[in-house]
């Protein structure tokens, strides 16, 4: 397991789906990585809410509805062969979260699950999907102000997950804007107002994206970056 791979253990660790060696290494990592610690906390909160939803009395036709949803869900393409240990924790975490989300959605007709994306999805769940995709690539870095970022990209899902920590708090007129940069120039992935704590988003990933930047912009966003980057990372 590489240093970048250990950031992908958040989902498996939150579900207690890691081996003893993985748990020991990841708990050492958690003491030093605020981004992963925050993500584990969010995923555990999601899992707890899903468990409560699963205790509800199922409505008539639940089994039929769940099976129909599963049949309509696009399956990931098989990825390159991985070491047995990594494949095991990825598979357990992904299946557990996917199954729990499907059941909770059918039971509650849309359970509120923590912070949500503009499209209505749970940030923690969508981050887990991106980070555990077979082709996921994770990049971490630190900006000149001490802010840190953990970025996961999946070309097969065409999605990017961005988590910030340690960025300076902003006034009510400003926000952090995430930019995906390629040959066509920067394209906005969304806005974050994390204050002094972590902030996360999941957005669409243009196929030619090779860099990411975070800048300070007006709270409504800008069509192009107008300030120096708080963080800049290469994704290639």
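Backbone N, Cα and C define each Cβ position, glycine as well.
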With TrEMBL as the source, identify the stretch among 51-71, 72-92, 93-113 annotated transmembrane segment. 93-113
Of the residues in the domain 'Putative zinc-finger' (5-37), how many are helix, strand and coil by DSSP? 25 helix, 0 strand, 8 coil
